[in-house]
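A quick write-up on the structure given underneath.
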Amino acid sequence: MNLVERFLKYVSFDTQSDELTRLTPSTPGQMVFAEYLKSELESLGLEDITLDENGYLFATLPANTEKELPVIGFIAHMDTSPDMSGKNVTPRIVEKYDGSDIVLCAEENIVLSPSQFPELLDHKGEDLIVTNGKTLLGADDKAGIAEIVSAVVYLQEHPEIKHGKIRIGFNPDEEIGEGAHKFDVQKFGCEWAYTMDGGEVGELEFENFNAAAAKITFKGRNVHPGYAKHKMINSIRIANQFITMLPRHETPEHTSGYEGFYHLIGIQGDVEQSTVSYIIRDHDRNKFEDRKKEIEHLVNKINAEFGEGTATLELRDQYYNMREKIEPVMHIIDTAFAAMEAVGVKPNVKPIRGGTDGAQLSFKGLPCPNIFAGGLNFHGRYEFVPIQNMEKAMKVIVKIAELVASK
């Protein structure tokens, strides 16, 4: 199989993750896909292939030189986002895209248009893999998996390219924030690694959000509305008051770059009890801590007004900015930067407005910045990936291996 054939095969597996199951992997389809990948890696003759009960698949491409070299790794995740169906994905290749609207689903009038997604125009003349408008595509992150496997095959077929020992790792449940939780860094055995999980060509990322989740529960008192004066306490109104106390412009839709936010992701409730759920994000660790303190302060303020115990807070950290773990080993960024330039890709170093498995792995002792996989519009029906983007990502992997061996 070539790179494109491999990718088209991979997206046929339904691997949506599900945070509600509390299992690892969170869905059985991920293990089905992992078993398929394991058999493919075996057929390629890779070594030290292991697939554990949690769905973590590791393998080794042995060194083809006697030179003492660091062991490096490439990592991608097998799950797709729970935000949109990944079942019965039906991809289509739009050859030599001409810049016009792409009809994904005529009967439902679902159109991928440059008027809504202007980044399409950056890929005129290229070959785009798109959806049928009814599912996501799964380039996040099956493009990354296809690129890693295809790069390994390329290195096998070109023994003149010298490289050290390379480890590859495919993990479940990145999309629900648990991809690194049971990743055995010691078993993986690398000095450093790269996740192939970025978007547009050139993306090179080693800064991400510090992240926390907050759940605030508001207690009320329900009384027949006809006789409720001075008796009823409506928890929905208290929840609404809390929501309005947070800065209205410090939200995802009003921020970019290094700006942090509070993101209201869920509301449930009735008069008796209501719950609001937030995610809290900031690149700056001090500002991140201040945001958490502000949530705590507002909860205390609600309790001061309505009585102690009216509002209860569950607050937990999710992950931290990997920059502090990458800065001491900036040569791994320099290597990726040089590899991109060597294959004609202009590096675009920027902060991740999110998190990656690599962020958590970095704090577990495996420095792990993120490199582009080439897809765009992740997590929805408008997701697409230019074939040329995937080819460039594959070339970057090969070049990194070559550069590490040349030093």
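The backbone N, Cα and C atoms fix where each Cβ goes, and this holds for glycine too.
It should be emphasised that the depicted structure is a prediction, and the values quoted were computed from it without experimental measurement.
Long-range Cβ proximity for D79 (active site), meaning a same-chain Cβ under 8 A and a gap of 6 or more residues, is found for T15, Q16, S17, P25, S26, T27, Q30, P172, D173, E174, E175, I176, G179. In the three-state DSSP classification, D79 (active site) falls within coil. Marked as active site by Swiss-Prot on the basis of sequence analysis: D79.
According to DSSP, E174 (active site, proton acceptor) is assigned to a helical segment. Other Cβ atoms within 10 Å of the Cβ of E174 (active site, proton acceptor), summed over all protein chains shown, number 26. Per Swiss-Prot, active site, proton acceptor is recorded for E174, and the stated evidence type is sequence analysis.
The Zn(2+) 1 binding site annotation in Swiss-Prot covers H77, D140, D197.
Look at Swiss-Prot and you will find D140, E175, H379 tagged as Zn(2+) 2 binding site.
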Would you mind checking how many other C-beta atoms are within 10 angstroms of the C-beta on H77 (Zn(2+) 1 binding site)? 27
Spacing of the two Cα atoms, H379 (Zn(2+) 2 binding site) and D197 (Zn(2+) 1 binding site), in whole angstrom, works out to 13
Secondary structure of H379 (Zn(2+) 2 binding site) (DSSP, helix/strand/coil): coil
When you average the Cβ positions of H77, D140, D197 for the Zn(2+) 1 site, which other residues in that chain have a Cβ within 8 Å of that mean position? A76, D141, G144, E174, E175, T195, M196, T356, D357, A373
